[in-house]
């Protein structure tokens, strides 16, 4: 989920300017059953009856032997759509690591240092929660990449992704507090073309994916508040391939430069250099791919998708360093437009502020809605459809009141100039004491 750069810092950034439907497929409605596995029963009823004294008895009947019930085996492969719990696919509850990359230069000693290895081992539960969330992310996005095609509505795409995430982590989020245990880390971003981030269809949205669209898919999965934030871009016309490649290469460069003591402003410079080395030819015009200079990567804290540090995607004078224990979302956005976004359109994304003030809310609808938000989302971002599925209605007045009072933050869609195209790639990285771990890395990107 994108972090927007403060407006007063934009002027300090260094940027190189450049010259300038098929029938809708149905979704499989299969759902997961999260109950207990059947157990063998050793109990059997005694079928023999005691005969009365002196009564005549016939030939003794043979007891039928009951065949023992076979124990159900844990599934070994994921279903389509994904509905098998990740915890069933990994019965020992030890989940796959991401890509581990050793530190270099003065931090090379960390890989084998006993003290650092001990510090690493102290956080095994934390890492395992992140790996659990990352595996759910990988399996969900693999399904999405395979199945999303022109002709799908954005609502069907969002529901397909979010239903899969909830099924894989085993928390549907319909009971009070359930979504705080595991599930969606934030609403799925489905931003088209010149819209770069923070678009999710509200109820009644009829938008359908077209053959010539460029779709950013930004998915957040959390386990115990530990959020994996990773995004990719889909395009069905090969003319957009250089734009996608520019963002993928720039994100990988950011990951390469990340590490303990790395300065955030310098990382932005490396990202910018890679991004601007790509060009896209569209309708006879050649466009240098521009990094969107007011969108940033960011740290991730428990139940807080935007932490205190930002990773620019252009060179800046920010001397802030990455530190041991940080968790970062390294994300890049490329554009054929201005390389600068502004807020525009109907809001779908919201989140309760970490520093929300205590306000005497006058509207009863605002008070009751805040209670719902606290019990079901806390400070995790949510969207209107999430309130709809909880059975909330007529809540917009109360929601707008919470925004106006500074209790809830709204996140409008972020767009570049109309007619331009934008792309995004993103990974979550753990800055561990011994190595850096690209927790969301997969075979796809």
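The backbone N, Cα and C atoms fix where each Cβ goes, glycine too.
These come from TrEMBL:
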type	residues	note
REGION	1-89	region 'Disordered'
COMPBIAS	60-74	compositional bias 'Basic residues'
DOMAIN	130-431	domain 'Peptidase M24'
BINDING	198, 306	substrate binding site
BINDING	218, 229, 426	divalent metal cation 1 binding site
BINDING	229, 298, 331, 426	divalent metal cation 2 binding site
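If you average pLDDT over the domain 'Peptidase M24' (130-431) in this model, you get 98. The shortest Cα-Cα distance between residue 426 (divalent metal cation 1 binding site) and any of the binding-site residues 198, 306, 331 is the one to 331. In terms of Cα spacing, the binding-site residues 218, 298, 331 that come within 10 Å of residue 306 (substrate binding site) are 298. Excluding the listed site residues 229, 298, 331, 426, the same chain places 1, 2, 3, 218, 230, 231, 297, 300, 328, 329, 330, 427, 428 with Cβ atoms within 8 Å of the centre of the divalent metal cation 2 site Cβ atoms.
Taking a C-beta cut-off of under 8 Å and a sequence gap of six or more, residue 229 (divalent metal cation 1 binding site) has these contacts in its own chain: 1, 185, 186, 218, 220, 300, 305, 329, 331, 426, 428, 440. In this structure the C-alpha atoms belonging to residue 198 (substrate binding site) and residue 298 (divalent metal cation 2 binding site) are separated by 15 Å. Annotated divalent metal cation 1 site 218, 229, 426; additional same-chain residues within 8 Å of its Cβ mean position, judged by their own Cβ, are 1, 2, 189, 219, 220, 230, 231, 329, 331, 424, 428. Here the binding-site residues are 198, 298, 306, and the one ringed by the most other CB atoms within 10 angstroms is 198. In this view, the densest Cβ surroundings among the binding-site residues 218, 331 belong to 331, judged by other Cβ atoms lying within 10 Å.
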